[in-house]
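Copied over from Swiss-Prot:
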type	residues	note
SIGNAL	1-16	signal peptide
DOMAIN	72-425	domain 'Peptidase A1'
ACT_SITE	90	active site
CARBOHYD	155	N-linked glycosylation site
CARBOHYD	191	N-linked glycosylation site
ACT_SITE	318	active site
DISULFID	353-385	disulfide bond
C-alpha cells in the first residue's frame, strides 16, 4: 500500500489552481473472477446474496450502488496531520466516507483475502507492503473476518482540526450496507494544496461483507449535493464554494488499458480543463437534473441496428460502473450487432477479442459520438473478451442508461459544477 500511496500521489501542477493527478485502476470483480475461471461460481454466490437482501433494498431510500463493479480510485487525506485513504471515485453518489477507527474494533490492519492470489507488483499497489512476498503462490495472507480489518481507518483523536457532527448514516449497496456517523475535518487530495476546510464526511463503523474483498478504503462521491445522504456538500463542490478552483470544473480521463491493475489508469483534473489527454473542443450538454450527471440520450446505433425513441432516454455519466448499463432490449440488439454471445451461466456477454466490429454510436444533444471496439471489447484474462454492456433495470428516480468507463475511454468528461452541464471532449 505504501508504494501505491507514493505513486498515486504524484502531482502535476498545471497552474495556480488547476491540478492533475493519476487515477488508479483495478479490474472489477467480474473481470477478476472471469480471469480465474470462477465467474459462474461468483455470479451464483452473488445472486444468492442479492436475493437475501431484496426486501431490504426494496425498502431503502438510499442510492443503491454495486460496490463490486467499481474499478477507478484516487487518494485523498483527512485531518491535521493528514491521514491518507484510497477511495473509489463515484459520480453516481455524492457522499465521502472512510472507515472509522472503531470499525473492526480498532484493531491493527491485517492483510485482506484479496491479496492471496495477487501478483507481487500488483500486491504492492493495493496491499500493505508487509502483505507482499515474492513467492510462487504470490503473497502471504493473514485471515480476517471483519471487512474493516484490512482498511485504513480514520482516527479523530489524532486530528487537531476534527469537529463532531452528531448525525448518523446508513447507506445501502447491492452487496452490503455501510453504517456510521458524520464528522467534520479538512479534506485534501493527498500531497497537494487542493484542500477544503469543514468537509463533512462519513465515518463508517460497519461495512458489508463484500467490502472485505476490496483493497480500497471507501468512496468519494462526485455527484450533486441533492443526491447526498443528509444533503451533505460533496468535496468537489466544497472546493468550488471555498474559491479553491480556478474554474468550477473537474475532468475525468480514463485510459484504454488491459486486464491488469495499473497506477496510471487515467487522470483526474480539478479547477480547469485537461489539455494533456483531451481535445480543447468541448461539446457542452445540458443536464436534465442536478442529482446524477444526467442528460438526454437521443439514440444509439451500431451496424444495421438503430434505436431512437421519440422522447429519448435519460442517461447518466457513471465512473462507478465498469461497464455500460442499458435497457435489456438495447443490450441484446447491440450484442447481436457486434457478434457478442450471452452466456447465462455467467450473466455476461462474450466475444472474440480480435473481432472487427462496427463502432457503437450515441446521439447526444443532436451530435453523434462514436465509441470504438477498443472501448467496449474488454479483456479479462485468457479466452474470449467481455462485451462491456449489462442489462440495467431502471425506474422512477434512476436513469435508463449508465454510461460508464467504456464511453469515458473515448470521451473525456468535463463536469461543470456551476452551470449544470457536462462537457464531452474527444480523447487525444
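The backbone N, Cα and C atoms fix where each Cβ goes, and this holds for glycine too.
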Of 353, 385 (the disulfide-bonded residues), the residue whose Cβ has the fewest other Cβ atoms within 10 Å: 353
Lowest local Cβ density (other Cβ within 10 Å) among active-site residues: 90, 318: 90
Residue 90 (active site): nearby recorded positions from 155, 191, 318, 353, 385, Cα cut-off 10 Å: 318
Nearest-integer angstrom distance between the alpha carbons (Cα) of residue 385 (disulfide bond) and residue 318 (active site): 22
Spatially closest candidate among 191, 318, 353, the listed recorded positions, to residue 155 (N-linked glycosylation site) (Cα to Cα): 191
Length of the line joining the Cα atoms of residue 353 (disulfide bond) and residue 318 (active site), in Å: 25
C-beta crowding around residue 191 (N-linked glycosylation site), within 10 angstroms: 17
Mean per-residue pLDDT computed across the domain 'Peptidase A1' (72-425): 86
Around the Cβ of residue 155 (N-linked glycosylation site), the count of other Cβ atoms that are within 10 Å: 15
Rounded Cα separation (Å) that holds between residue 191 (N-linked glycosylation site) and residue 318 (active site): 26
